[in-house]
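I have placed the structure first, in the form of structure tokens, so that the comments after it can refer back to it.
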Amino acid sequence: MGRLHQLALIGLLLLCLSPGQLCETCAVNEEQRPLVTSLLNTMIQSNDGSAIPNPNVLLALRLARDHSRTTEKTLLAQLVENAKDNGTSMTSGKLALHVLALKAACQEPRVVFSSGSNLINLLEKKFQEELANIKKTGNPLTNFFQLSLDVMALCLLKGDYSPSKIANLFSPGWEKYTFGSQFSVDTGAVAVLAQICVQRINKDEKIEKNIRQLTEKILESEDRSGIIGNLYSTGLAMQALSVSGDYYENKDWDCNLSLRRMLKEIPLGTFKQPTAAAQLIPALEGKTYLDVTRGCCDSDPDNLTLSSPSPTAPTNPSTITVTYKVTDGISNTFADSIVVSVPQGSVFLKVMEAARDQDQTRFGFTQKPSDWGPYITSVRGLKADNNQRTYWQLLSGDEPLSQGAGNYVVSDGEILEVKFTNY
């Protein structure tokens, strides 16, 4: 073997073994590339200007190999405008996603406002408000998923934060990482990414311990097929595990097994929701959110093949019948049920609307838009409250749903429930 060939192999080995680097073999190959392209098109087609711009989408588009420069430029302009108009009213995590997306698109978040204020200063302020609320009530204003996004953005953009406070903030206490009594892989994964970023700059034994414990919990959540948590959390988990290889044994996770499992789901429409697609794209491309500062926009290709949505012929769907229940699972003040009929192919939200149309008093609800679709904020006037760690959980039978009210398609005879509960 020639010396140059040997050096090349050593270089590849070092790339795969370097801390924080994702080995090149755990990414889609050219034969699998059309599956990634289909997800990119899903995200692009969702940006029709009628909805609030989604920073997850631009973040994923920028971390992809192939690009549509026109689409990315349009979405960037929308996000900048949204940050200018609504930044002060955003949650900290939403603002952090805007910061990450703008940076990935080579827009400096510090110069968005002509007034001299900037998104990093605003994020620092919101992060401190989160910490103050934890000190006061024991809970953040939002949740630890959003806090993790805050820390990641501040770390990558060289904002102001205290590494020692970060170490204490993310120490288990597993209540920080639970949702619906189960370990939240999504939250744990983003917390790992955030702390890996901090650890690269400021070594801290407590942070090292946090990362080790969180990666252990993430790995415990993997099933034999490669799914980690659920289908929608696996992409984030893959990102976290790909940069935390120093904290577990190689035999404990087969990245390519998880990759192949995710690819199988794409033709089934599992990731047709734009945010679901966006959270998976980086892992398929062998990237993580920690790569947002490494892009070079001017050298990106403008080579993404865009497809138009396939026209669908109008149909007259048959009607299905489901049972819908509304339950106060905390104080047990009510437990109501109703049988409703909806068109076949309806989502959970349509069932809720049909029940409300029949009885506003017992089945009335409110919602707000989110990147994942409609989020249920109250039912029967009973509101979800972050300080009390309460929310409205969606269930089919006794099983919590991993999809939201606007995405989960119901089946004939199904028993559906919205349950007021703690996380």
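Note that Cβ sites are derived from N, Cα and C of the backbone, with glycine treated the same way.
What TrEMBL records for 142-146, Asp186, Asn230, Gln279, 375-376, 392-394, Leu401, Tyr423 is cyanocob(III)alamin binding site. Per TrEMBL, disulfide bond is recorded for Cys26-Cys255, Cys155-Cys197. What TrEMBL lists as domain 'Transcobalamin-like C-terminal' is 345-421. Annotation comment: TrEMBL describes 1-23 as signal peptide.
Locations of recorded TrEMBL features on the structure.
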residue: Cys26; record: disulfide bond; Cβ contacts under 8 Å, 6 or more apart: Ser242, Cys255, Asn256, Leu259, Gly286
residue: Thr142; record: cyanocob(III)alamin binding site; Cβ contacts under 8 Å, 6 or more apart: Thr91, Ser92, Gly93, Glu130, Asn386
residue: Phe144; record: cyanocob(III)alamin binding site; Cβ contacts under 8 Å, 6 or more apart: Phe170, Lys176, Tyr177, Thr187, Ala191
residue: Gln146; record: cyanocob(III)alamin binding site; Cβ contacts under 8 Å, 6 or more apart: Thr91, Ser92, Gly93, Lys94, Ala96, Glu130, Pro140
residue: Cys197; record: disulfide bond; Cβ contacts under 8 Å, 6 or more apart: Val151, Met152, Cys155, Leu156, Leu290
residue: Asn230; record: cyanocob(III)alamin binding site; Cβ contacts under 8 Å, 6 or more apart: Val185, Ser402
residue: Tyr375; record: cyanocob(III)alamin binding site; Cβ contacts under 8 Å, 6 or more apart: Gln367, Lys368, Pro369, Gly404, Ala405
residue: Trp392; record: cyanocob(III)alamin binding site; Cβ contacts under 8 Å, 6 or more apart: Ile376, Thr377, Ser378, Val379, Ala384, Val418, Lys419, Phe420, Thr421
residue: Leu394; record: cyanocob(III)alamin binding site; Cβ contacts under 8 Å, 6 or more apart: Phe348, Ile376, Pro400, Leu401, Gly404, Ala405, Tyr408, Leu416, Glu417, Val418
**Report entry** Sequence-distant neighbours of Tyr423 (cyanocob(III)alamin binding site) in its chain (C-beta under 8 A, six or more apart)
**Finding:** Thr178, Phe179, Gly180, Arg389, Thr390, Tyr391
Requested in this report: Which residue among the disulfide-bonded residues Cys155, Cys255 has the fewest other Cβ atoms within 10 Å of its Cβ, if you could check?
Outcome: Cys255
Query raised in the report: Is Thr142 (cyanocob(III)alamin binding site) helix, strand or coil when read with DSSP?
Result: coil
Report task. Could you say whether, by DSSP, Cys255 (disulfide bond) belongs to a helix, a strand or a coil region? Result -> helix
**Report entry** Secondary structure of Cys197 (disulfide bond) (DSSP, helix/strand/coil)
**Finding:** helix
